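Working notes for the structure below.
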Amino acid sequence: MAPVAVFVGVMGAGKTTIGQAVAAQWGVPFADTDLIIEARAGKPIPEIFVDDGEDVFRALERETVASSLESFGGVLALGGGAILDEGTRKLLAAQTVVYLSVELTDAIRRVGLGAGRPLLAMNPRATLKYLLDQRRPLYQEVATHTVLTDGRAEPEITAEVIGLLRG
Ligand SMILES: Nc1ncnc2c1ncn2[C@@H]1O[C@H](COP(=O)(O)OP(=O)(O)O)[C@@H](O)[C@H]1O
Ligand SMILES: O=C(O)C1=C[C@@H](OP(=O)(O)O)[C@@H](O)[C@H](O)C1
Ligand SMILES: [Mg+2]
């Protein structure tokens, strides 16, 4: 079994929100690697970053992506930084990967002050700009489909994803 679709994109792209909506419309399960990691670690992501550091989080993320890709049959949302790992990018090569793209203005509006997202705890606007510039080529590399989300409401984006994946 393998996921029907995997969502990637920077924080605030809408991976969790749109992934859930697409899964609901298809009538398939939804999973989010962030939630799986929190359950496995027994603590929220900000605490993993504080107690154990980003490297430990990335290792948990890599294992979680690998096991989900192997055994989960539904819609899978990744965390924004999962694609930083080369091994994860290789795993994604055989998958249907939807890149939800968003630029700085809308992304920052959506994540606000970054609550629950430890990488945005300080200077969220400058950090998000840096992360967008660093990661954009990696999202493009793994994507089989790209959907622009700037200035668009969730139902419209969900409908475009479903239309694109219909074939
Ligand atoms: N297209 C959109 N327009 C406006 N707000 C959105 C849109 N997509 C998501 N959001 C909101 O932005 C926030 C971040 O969305 P989320 O799905 O958690 O993003 P991600 O998982 O990619 O970080 C949520 O509050 C969500 O309701
Ligand atoms: O971009 C990142 O490195 C991260 C994104 C978050 O997920 P979302 O993209 O769903 O917010 C979460 O995995 C963690 O805070 C790190
Ligand atoms: Mg998310």
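Glycine is no exception: its Cβ is also placed from the backbone N, Cα and C atoms.
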Candidate from Arg58, Arg62, Arg152 that TrEMBL assigns to the same ATP site as Gly12, Ala13, Gly14, Lys15, Thr16, Thr17, Arg117: Arg152
Annotated companion of Arg58, Gly80, Arg135 at the substrate site, TrEMBL, chosen from Asp34, Asp150: Asp34
Long-range Cβ environment of Arg58 (substrate binding site), under 8 Å and at least 6 residues apart: Gly81, Leu84, Asp85
Where the record names Asp34, Arg58, Gly80, Arg135 as binding substrate, the maximum Cα to Cα distance in Å: 18
In sequence order, those binding-site residues of Gly12, Asp34, Gly80, Arg117, Arg152 whose CB lies under 6 Å from ligand 2: Asp34, Gly80, Arg117
